[in-house]
Amino acid sequence: MTVNDNTREIEAGIVTDLRDRMTYGGYLELDRLLAAQHPVSVPEHHDELLFIIQHQTSELWMKLVLHEISHVRELLAADKLGEALKPLARVKHIQEVLTQQWSVLATLTPSEYAQFRGSLGNSSGFQSVQYRAIEFSLGNKNAKMLQVFEAEPESHAMLEAELARPTLYDEFLRLLARRGLPVPASILERDVTRAYTMHEELVPVIKEIYDDPSTHWDLYEACEELVDIEDNFQFWRFRHLRVVTRTIGMKIGTGGSSGVGFLQRALELTFFPELFAVRTEIGRA
Ligand code: HEM
Ligand SMILES: N[C@@H](CC(=O)c1ccccc1NC=O)C(=O)O
């Protein structure tokens with residue numbers, strides 16, 4: 001019964017005796033999750049908790065991105081393109097959350113950050129193994145990045161495995177070839193431990209899809225999902241760059257890089273070059 005005291009009645013059916021039952025906190029291991037925020041500044045700076053949580057939530061979403069990209073690659077290898085479109089769309093939405101989230105950290109002023117930046121030592125996002133694995137899985141491979149993880153054998157092994165694995169785009173192009181599209185052999189046989197680079201000969205193959213979407217509808221849809229994913233990746237990089245610029249200006253990074261200049265150069269990278277190059281050709285004779 002709702003009495004007019006603006007209070008919701010707890011229904012009789014609601015389980016309140018939770019001894020020996022699965023609970024919310026138990027299932028989610030919240031005791032461990034919520035005990036993992038340890039500011040290192042002394043005295044503790046109020047805003048360091050924001051900094052930690054922004055990174056930890058990003059790492060949780062990155063874990064899911066990797067999980068989904070792995071799944072998509074397995075589905076593509078099994079010729080299940082239709083099924084792969086759902087997890088691919090999920091990746092895109094996670095990226096949107098990750099990009100939106102920058103606005104929370106942007107409330108950190110340069111003065112506040114300067115008060116605890118010194119406590120971070122040489123730690124840096126550059127050392128994020130999951131971030132590097134996502135970059136690798138999308139085609140931005142670089143064996144030199146493994147050096148950073150030599151002191152962390154598990155991370156090193158994970159990244160080494162990712163380096164050797166065909167990328168999302170490799171799997172997609174292999175599927176195109178199995179579908180009868182004339183994907184050049186030089187691409188299908190490429191050394192997958194190297195960064196993917198532009199292959200001009202692939203552009204007319206992709207153009208076949210864009211010139212006749214109804215014949216290749218699922219391929220067409222997949223190409224556009226990949227373009228969304230590259231766009232979203234660039235939006236994340238750009239937001240990072242802007243937050244870094246407003247927070248530390250032109251200071252060098254804690255990881256030892258030049259800072260803003262180094263991050264700026266990442267904006268020149270591309271995962272799926274032919275999917276962008278084809279746009280110049282569409283509608284041309
Ligand atoms: C005030 C906030 C931040 C500042 C000032 C900052 C600054 C920097 C700088 C200067 C670098 C270049 C490497 C270095 O020399 O340290 C870097 C790299 C990186 N940061 Fe941040 N960062 C911030 C927040 C974040 C957050 C919230 C994340 C999310 C996980 C993140 C992830 C990364 C990643 C993945 C890299 C490597 C990028 C690449 O290799 O292109 N950063 N950051
Ligand atoms: N590289 C940043 C420090 C930083 O942002 C950071 C430090 C520890 C863990 C993650 C970080 N995030 C991104 O680089 C800086 O130079 O201020």
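From the backbone N, Cα and C atoms, a Cβ is placed for every residue, glycine too.
Please treat TrEMBL annotations as automatic predictions, because they have not gone through curation.
The substrate binding site annotation in TrEMBL covers PHE51, ILE52, ILE53, GLN54, HIS55, TYR113, ARG117, THR254. Same-chain residues at least 6 positions away in sequence with a Cβ under 8 Å from that of TYR113 (substrate binding site) are, in sequence order, ASP47, PHE51, THR247, ILE248. The DSSP secondary structure for TYR113 (substrate binding site) is helix.
What TrEMBL lists as heme binding site is HIS240. In the three-state DSSP scheme, HIS240 (heme binding site) falls into the helix class. Counted within 10 Å of its Cβ, the other Cβ atoms near HIS240 (heme binding site) come to 17, all protein chains included.
Less than 6 Å separates the Cβ from ligand 2 in the case of ARG117, THR254, drawn from the binding-site residues ILE53, ARG117, THR254 in sequence order. Separation of the C-alpha atoms of HIS240 (heme binding site) and ARG117 (substrate binding site): 17 Å, rounded to the nearest whole number. Among the binding-site residues PHE51, ILE52, ARG117, no residue has its Cβ under 6 Å from any atom of ligand 1.
Of all Cα pairs drawn from PHE51, ILE52, ILE53, GLN54, HIS55, TYR113, ARG117, THR254, which the record names as binding substrate, the longest spans 19 Å.
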